Amino acid sequence: MELLTPAEMDRADLLTIAGGSSGFALMLHAGRHVAQAAMELAEPGPILVIAGPGNNGGDGLIAATELVALGRTVHVMLLGERDALKGDAAMAAREWKGPLLPFLTQSIGSPALIVDALFGSGLNRPVKDQALEIIEAVNHSGVPVLAVDLPSGINGATGAVMGAAIRARETVTFFRRKIGHLLLPGRLHCGKVRLVDIGIEPAVLDEIRPQAFENDPDLWLPDFPVPRADGHKYGRGHAVVVSGELSQTGAARLAARGALRAGAGLVTVASPRDALAVNAAALTAVMVRPVDTADELGAMLADRRFNAVGIGPGAGIGEATQGKVLAALAAGPAVVLDADALTSFAGQPEALFEAIKSTSNPQVVLTPHEGEFPRLFSDMSNKNPLRSKLERVRVAAQRSGAVVLLKGADTVVAAPDGRAAIACNAPPWLATAGSGDVLTGIIAGLLAQRVPAFEAACIGVWMHGEAACEAGPGLIAEDLTETLPAVHRRVYDELGVEY
Ligand SMILES: NC(=O)C1=CN([C@@H]2O[C@H](COP(=O)(O)OP(=O)(O)OC[C@H]3O[C@@H](n4cnc5c(N)ncnc54)[C@H](O)[C@@H]3O)[C@@H](O)[C@H]2O)[C@@H](O)CC1
Ligand SMILES: [K+]
């Protein structure tokens, strides 16, 4: 499903109003949904609504009015003067007939539930002073919080905490989720996100054309590779994984098994001669072929049946790996570059980007983690707070000409054309040795089946997260390939494919 920036949400709102609805009608829907969620969440006892000076506060005031009508005791605190409210929020305030408590921490008390309607998508600067004190006091109170639209203090476009932010049990948001609901740390502040319809027609999206999506099957289901009943393994591509030296061959084997489990028809490990015996002894369905140099790799890949290559896990950092990367890009299969393949270009990323842009087959995926990312994009480390993770990955994709996948609990995949997907299905135990190697292999396996690079990266990330959920806590990288069949079955169920 699409993810919106606050600016895009404002457009959705304006297009709906231009189509004949009133802004206040949207607010009434929003406030009623919030009240409904509050009824479900709140134990018996009073409910405190903390309202801010904009339309997020307006939603809160409508919810307060509705909750009283539903028989609840409701207290309201408002930041600023009632008379200072404008537009729809002023209309909402006229609906609220009760008193307003002073905007002080002492007013919080110990309600059954707090409805956080302080700031939503209009947050445009760090919270300070009174608002900051209230947010911190709410977080310390231990009272469950229902956030309206966004937990106050979370930037809807970036997920950043602007000074301080509410930690909500649940968040009710409208029409479509916002990017800040998925990117960290925002996601951690939202609790469960409830998406409700407030009367905005999905057709407005035709005009807005959002370019960010949640990474879930809705996004790529038609591209998911399903073997044909009349097909054979040669029709499902042949992935090559480049192995490192004798002492570090395990990573390539993990990747190779990932490629096979992702559905590649055939997988070959291109192994240095001195590691051949080790690789061959430890592999069964995966084949092994001696490849020491970039020239040898290039010669192997001249056979176009090898249609996808994964390089990086355990590859070693330096000129030898650089050479193999350039040979793979020149030969024209789809390519996924990870780990040492990326680090080998630290300090000279332009050489890599040039090679990517001049490849005859522009199906290239880069899969850095936050440590590797600034080795290629030195101005965009996560220490640089000027850009969100989404923006950083988009710029990286545009600059490199490749699909870029930046790993993390909120893995972002972006294509050079601006499309981007944010994942939220990875469990914390997925962060374990070797799990990135398996991801590289899964993506290589999908590329081998001719899934386009952006979709291959998205599907790979999603399957990897699902496989980890399936394996559960205590996961080691080897488990991921073994739980992948269950993930395939889940996708087949969604596709309605029998097995
Ligand atoms: N766009 C839409 O389609 C709809 C929006 N609605 C609500 O309207 C909200 C957006 O309303 P607004 O644009 O009025 O924005 P908000 O209500 O989120 O906040 C804007 C107000 O807060 C102030 N403010 C911003 N940052 C501050 C800070 N750090 N410290 C102190 N004051 C600060 C601004 O000066 C302004 O007065 C949404 O989050 C949603 O809850 C709903 O009513 C339904 C429809
Ligand atoms: K809020």
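Note that Cβ sites are derived from N, Cα and C of the backbone, with glycine treated the same way.
Note that the structure is a prediction, hence the values are computed from the model and not measured.
Taken from TrEMBL as is:
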{"type": "BINDING", "residues": "55-59, 120-126, D149, A251, G314, H369, D437", "note": "(6S)-NADPHX binding site"}
{"type": "BINDING", "residues": "N56, D116, S152", "note": "K(+) binding site"}
{"type": "BINDING", "residues": "K407, G408, A409, D410, T411, G436", "note": "AMP binding site"}
{"type": "DOMAIN", "residues": "9-206", "note": "domain 'YjeF N-terminal'"}
{"type": "DOMAIN", "residues": "216-491", "note": "domain 'YjeF C-terminal'"}
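Shown on the structure are the features that TrEMBL records.
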residue : record                   : DSSP (3 states)
N55     : (6S)-NADPHX binding site : helix
D116    : K(+) binding site        : strand
N124    : (6S)-NADPHX binding site : coil
D149    : (6S)-NADPHX binding site : coil
H369    : (6S)-NADPHX binding site : coil
K407    : AMP binding site         : coil
Checklist line | Candidate nearest D116 (K(+) binding site) in space, where candidates are the binding-site residues D149, H369, K407, G408, T411 and distance is Cα-Cα | finding: D149
Item checked: pLDDT averaged over every residue in the domain 'YjeF C-terminal' (216-491) -> 97
Next item on the list: With an 8 Å cut-off on Cβ-Cβ distance and a minimum sequence separation of at least 6, pull the same-chain contacts of D410 (AMP binding site), or say none.
Entry: G159, L182, L183, L184, R187, K389, I422, A423, C424
Notebook entry, point to check: When you measure from the Cβ of S121 ((6S)-NADPHX binding site), which residues in the chain that are at least 6 apart have a Cβ under 8 Å away?
Noted result: P6, M9, D10, N56, D149, L150, G156, K178
Notebook entry, point to check: Which of the binding-site residues G58, S121, S152, G408 have a Cβ less than 6 Å from any atom of ligand 2?
Noted result: S152
Item checked: Additional residues surrounding K(+), by Cβ distance to the N56, D116, S152 centre under 8 Å -> I50, G52, G57, G60, A117, L118, F119, G120, A147, V148, D149, L150, P151, I166
Checklist line | Filtered binding-site residues, from N56, D149, T411, whose Cβ is under 6 Å from an atom of ligand 1 | finding: N56, D149
Next item on the list: Provide, as an integer number of angstrom, the distance between the C-alpha atoms of N124 ((6S)-NADPHX binding site) and S152 (K(+) binding site).
Entry: 11
